[in-house]
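Scroll down for the structure; my scribbles are underneath it.
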Amino acid sequence: MGIFKQREREIFDLMASSSEVGGSSADYETMMSTSDVELLKRAWRNEKAAPEILQYEGALVERAKEQIELVEETIEDYVENGKDPLLVSLYQMDLDRTQFLLRSYLRVRLVKIEKFMFHNLKSEEAERRLSEQERVFATKCADDLVKHFEETVLLKLPENYQSVLKQSQISEVDDMVPQPHLDTFVVCRSNNFVSLNLYEEGESPETVEMERGDLYFIRYKIVKGAIESGQIDLI
(Lines of atoms letter the chains of each structure in order from A; the text may use other names.)
(Lines give C-alpha, C1' and ligand atoms only; values in the text may rest on other atoms or scores of the structure.)
Protein backbone atom coordinates (compact mmCIF):
# COMPACT_ATOMS: atom_id res chain seq x y z
CA MET A 1 0.00 0.00 0.00
CA GLY A 2 2.19 2.70 -1.46
CA ILE A 3 1.22 5.96 0.23
CA PHE A 4 1.29 4.49 3.74
CA LYS A 5 4.59 2.74 3.12
CA GLN A 6 5.99 5.90 1.53
CA ARG A 7 5.14 7.89 4.65
CA GLU A 8 6.75 5.23 6.81
CA ARG A 9 9.83 5.26 4.56
CA GLU A 10 10.11 9.04 4.94
CA ILE A 11 9.91 8.69 8.71
CA PHE A 12 12.55 5.96 8.65
CA ASP A 13 14.88 8.06 6.47
CA LEU A 14 14.51 10.93 8.92
CA MET A 15 15.34 8.63 11.83
CA ALA A 16 18.28 7.18 9.89
CA SER A 17 19.99 10.58 9.86
CA SER A 18 20.35 10.35 13.62
CA SER A 19 22.75 8.10 15.51
CA GLU A 20 19.91 5.94 16.82
CA VAL A 21 19.20 4.16 13.52
CA GLY A 22 21.68 2.76 11.05
CA GLY A 23 19.43 3.41 8.06
CA SER A 24 20.25 0.25 6.14
CA SER A 25 17.88 -1.36 3.66
CA ALA A 26 17.65 -4.42 5.91
CA ASP A 27 16.59 -2.20 8.83
CA TYR A 28 13.86 -0.68 6.70
CA GLU A 29 12.58 -4.06 5.54
CA THR A 30 12.46 -5.21 9.16
CA MET A 31 10.46 -2.11 10.10
CA MET A 32 8.10 -2.58 7.16
CA SER A 33 7.41 -6.21 8.11
CA THR A 34 5.77 -4.91 11.29
CA SER A 35 4.24 -1.68 9.95
CA ASP A 36 0.69 -0.81 10.98
CA VAL A 37 -0.65 -1.73 7.54
CA GLU A 38 0.96 -5.17 7.73
CA LEU A 39 -0.21 -5.63 11.31
CA LEU A 40 -3.75 -4.69 10.32
CA LYS A 41 -3.63 -7.13 7.42
CA ARG A 42 -2.43 -9.86 9.79
CA ALA A 43 -5.18 -9.07 12.34
CA TRP A 44 -7.79 -9.19 9.56
CA ARG A 45 -6.57 -12.56 8.26
CA ASN A 46 -6.46 -14.07 11.73
CA GLU A 47 -9.91 -12.76 12.61
CA LYS A 48 -11.39 -13.96 9.34
CA ALA A 49 -10.00 -17.50 9.69
CA ALA A 50 -10.49 -18.04 13.44
CA PRO A 51 -13.76 -19.72 14.51
CA GLU A 52 -13.98 -17.54 17.65
CA ILE A 53 -13.61 -13.82 18.16
CA LEU A 54 -10.03 -12.72 18.86
CA GLN A 55 -8.64 -9.93 21.01
CA TYR A 56 -9.67 -6.52 19.68
CA GLU A 57 -6.67 -4.63 18.32
CA GLY A 58 -7.75 -1.27 19.70
CA ALA A 59 -4.45 0.60 19.53
CA LEU A 60 -3.79 -0.64 15.99
CA VAL A 61 -7.26 0.38 14.81
CA GLU A 62 -6.84 3.87 16.24
CA ARG A 63 -3.45 4.31 14.56
CA ALA A 64 -4.91 3.11 11.26
CA LYS A 65 -7.72 5.64 11.55
CA GLU A 66 -5.23 8.43 12.20
CA GLN A 67 -3.16 7.42 9.18
CA ILE A 68 -6.26 7.32 7.00
CA GLU A 69 -7.19 10.84 8.11
CA LEU A 70 -3.67 12.09 7.32
CA VAL A 71 -3.76 10.59 3.83
CA GLU A 72 -7.21 12.04 3.19
CA GLU A 73 -5.85 15.46 4.11
CA THR A 74 -2.87 14.90 1.81
CA ILE A 75 -5.13 13.99 -1.10
CA GLU A 76 -7.28 17.07 -0.53
CA ASP A 77 -4.16 19.23 -0.45
CA TYR A 78 -2.85 17.68 -3.67
CA VAL A 79 -6.18 18.25 -5.42
CA GLU A 80 -6.34 21.89 -4.30
CA ASN A 81 -2.77 22.53 -5.47
CA GLY A 82 -3.26 20.92 -8.88
CA LYS A 83 -0.98 17.93 -8.40
CA ASP A 84 -0.74 15.30 -11.14
CA PRO A 85 -4.18 13.56 -11.30
CA LEU A 86 -2.45 10.20 -11.80
CA LEU A 87 -0.52 10.67 -8.54
CA VAL A 88 -3.72 11.64 -6.75
CA SER A 89 -5.53 8.58 -8.11
CA LEU A 90 -2.72 6.30 -6.92
CA TYR A 91 -2.91 7.82 -3.44
CA GLN A 92 -6.69 7.41 -3.48
CA MET A 93 -6.36 3.77 -4.53
CA ASP A 94 -4.05 3.03 -1.60
CA LEU A 95 -6.40 4.87 0.73
CA ASP A 96 -9.38 2.84 -0.51
CA ARG A 97 -7.50 -0.40 0.03
CA THR A 98 -6.62 0.49 3.61
CA GLN A 99 -10.17 1.61 4.38
CA PHE A 100 -11.46 -1.66 2.95
CA LEU A 101 -9.05 -3.61 5.15
CA LEU A 102 -10.09 -1.74 8.30
CA ARG A 103 -13.81 -2.01 7.55
CA SER A 104 -13.52 -5.71 6.74
CA TYR A 105 -11.72 -6.37 10.02
CA LEU A 106 -14.45 -4.63 12.01
CA ARG A 107 -17.23 -6.23 9.94
CA VAL A 108 -15.90 -9.76 10.52
CA ARG A 109 -15.91 -9.11 14.25
CA LEU A 110 -19.51 -7.82 14.14
CA VAL A 111 -20.61 -10.99 12.32
CA LYS A 112 -19.08 -13.11 15.09
CA ILE A 113 -20.64 -10.95 17.77
CA GLU A 114 -24.08 -11.39 16.24
CA LYS A 115 -23.59 -15.14 15.71
CA PHE A 116 -22.28 -15.85 19.22
CA MET A 117 -23.74 -12.92 21.14
CA PHE A 118 -24.89 -14.93 24.18
CA HIS A 119 -21.64 -16.90 24.33
CA ASN A 120 -19.53 -13.74 24.03
CA LEU A 121 -21.39 -12.14 26.93
CA LYS A 122 -21.52 -15.33 29.00
CA SER A 123 -17.83 -16.24 28.65
CA GLU A 124 -15.45 -13.98 30.58
CA GLU A 125 -12.63 -14.87 28.20
CA ALA A 126 -14.65 -13.93 25.12
CA GLU A 127 -16.08 -10.78 26.68
CA ARG A 128 -12.59 -9.51 27.54
CA ARG A 129 -11.72 -9.63 23.85
CA LEU A 130 -14.44 -7.15 22.91
CA SER A 131 -14.01 -3.41 22.72
CA GLU A 132 -16.33 -1.29 24.83
CA GLN A 133 -18.40 -0.40 21.75
CA GLU A 134 -18.61 -4.07 20.75
CA ARG A 135 -19.71 -5.03 24.26
CA VAL A 136 -22.49 -2.44 24.14
CA PHE A 137 -23.52 -3.68 20.69
CA ALA A 138 -23.56 -7.33 21.83
CA THR A 139 -25.64 -6.48 24.91
CA LYS A 140 -28.14 -4.49 22.85
CA CYS A 141 -28.46 -7.29 20.29
CA ALA A 142 -28.98 -9.89 22.99
CA ASP A 143 -31.60 -7.79 24.79
CA ASP A 144 -33.48 -7.10 21.55
CA LEU A 145 -33.42 -10.78 20.55
CA VAL A 146 -34.69 -11.92 23.96
CA LYS A 147 -37.48 -9.35 23.84
CA HIS A 148 -38.45 -10.39 20.32
CA PHE A 149 -38.55 -14.10 21.20
CA GLU A 150 -40.55 -13.46 24.35
CA GLU A 151 -43.14 -11.35 22.56
CA THR A 152 -43.54 -13.65 19.56
CA VAL A 153 -42.95 -17.19 20.83
CA LEU A 154 -41.70 -17.89 24.35
CA LEU A 155 -44.54 -16.39 26.39
CA LYS A 156 -46.98 -18.58 24.46
CA LEU A 157 -45.14 -21.76 25.46
CA PRO A 158 -45.40 -23.69 28.77
CA GLU A 159 -43.39 -22.10 31.55
CA ASN A 160 -40.66 -24.76 31.45
CA TYR A 161 -39.86 -23.86 27.84
CA GLN A 162 -39.71 -20.09 28.03
CA SER A 163 -35.93 -19.76 28.25
CA VAL A 164 -33.88 -18.35 25.38
CA LEU A 165 -30.74 -20.10 26.64
CA LYS A 166 -32.06 -23.58 27.52
CA GLN A 167 -34.28 -26.10 25.80
CA SER A 168 -36.14 -26.49 29.10
CA GLN A 169 -35.78 -25.29 32.67
CA ILE A 170 -34.48 -28.69 33.76
CA SER A 171 -31.43 -28.39 31.50
CA GLU A 172 -28.23 -28.01 33.52
CA VAL A 173 -26.38 -26.07 30.83
CA ASP A 174 -27.28 -23.34 28.34
CA ASP A 175 -27.76 -25.82 25.49
CA MET A 176 -29.44 -23.27 23.21
CA VAL A 177 -26.40 -20.97 23.08
CA PRO A 178 -24.35 -21.32 19.87
CA GLN A 179 -20.63 -21.62 20.57
CA PRO A 180 -17.57 -21.45 18.30
CA HIS A 181 -16.28 -24.84 17.14
CA LEU A 182 -12.69 -24.82 18.36
CA ASP A 183 -12.05 -28.23 16.77
CA THR A 184 -12.35 -26.60 13.34
CA PHE A 185 -9.33 -27.22 11.12
CA VAL A 186 -7.43 -24.13 10.00
CA VAL A 187 -4.43 -23.39 7.78
CA CYS A 188 -1.66 -21.63 9.64
CA ARG A 189 1.91 -20.45 9.15
CA SER A 190 4.61 -20.26 11.82
CA ASN A 191 6.43 -16.96 12.36
CA ASN A 192 9.22 -18.71 14.25
CA PHE A 193 10.04 -22.10 15.74
CA VAL A 194 7.23 -23.46 17.91
CA SER A 195 6.47 -26.85 19.44
CA LEU A 196 2.80 -27.80 19.80
CA ASN A 197 1.05 -30.58 21.70
CA LEU A 198 -1.38 -32.34 19.37
CA TYR A 199 -3.51 -33.97 22.05
CA GLU A 200 -5.42 -32.83 25.08
CA GLU A 201 -4.68 -33.67 28.69
CA GLY A 202 -5.07 -37.36 29.45
CA GLU A 203 -4.22 -38.50 25.93
CA SER A 204 -0.93 -39.92 24.71
CA PRO A 205 1.46 -36.98 24.23
CA GLU A 206 2.56 -36.19 20.71
CA THR A 207 4.10 -32.94 19.54
CA VAL A 208 4.69 -31.25 16.22
CA GLU A 209 7.57 -28.85 15.66
CA MET A 210 7.01 -25.98 13.27
CA GLU A 211 9.89 -24.06 11.77
CA ARG A 212 9.56 -20.46 10.62
CA GLY A 213 7.46 -20.32 7.46
CA ASP A 214 6.02 -23.85 7.81
CA LEU A 215 2.39 -24.32 6.74
CA TYR A 216 0.09 -26.68 8.63
CA PHE A 217 -3.54 -27.81 8.41
CA ILE A 218 -4.41 -28.34 12.04
CA ARG A 219 -7.16 -28.01 14.64
CA TYR A 220 -7.65 -24.45 15.80
CA LYS A 221 -7.66 -25.31 19.52
CA ILE A 222 -4.10 -26.65 19.19
CA VAL A 223 -2.69 -23.40 17.80
CA LYS A 224 -4.99 -21.02 19.69
CA GLY A 225 -2.38 -20.02 22.26
CA ALA A 226 0.34 -19.60 19.63
CA ILE A 227 -1.95 -17.31 17.61
CA GLU A 228 -2.66 -15.15 20.66
CA SER A 229 1.09 -14.83 21.34
CA GLY A 230 1.86 -13.97 17.71
CA GLN A 231 3.95 -17.11 17.06
CA ILE A 232 1.51 -18.38 14.41
CA ASP A 233 -0.73 -16.64 11.88
CA LEU A 234 -3.83 -18.00 10.18
CA ILE A 235 -4.07 -17.78 6.40
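Glycine residues also receive a Cβ, built from the backbone N, Cα and C atoms like all the rest.
Residues or ranges marked as domain 'GINS subunit' in TrEMBL: 86-151. The domain 'DNA replication complex GINS protein SLD5 C-terminal' annotation in TrEMBL covers 180-235.
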Segment-level pLDDT (mean, integer) for the domain 'DNA replication complex GINS protein SLD5 C-terminal' (180-235): 89
Number of helical, extended and coil residues in the domain 'GINS subunit' (86-151), per DSSP: 61 helix, 0 strand, 5 coil
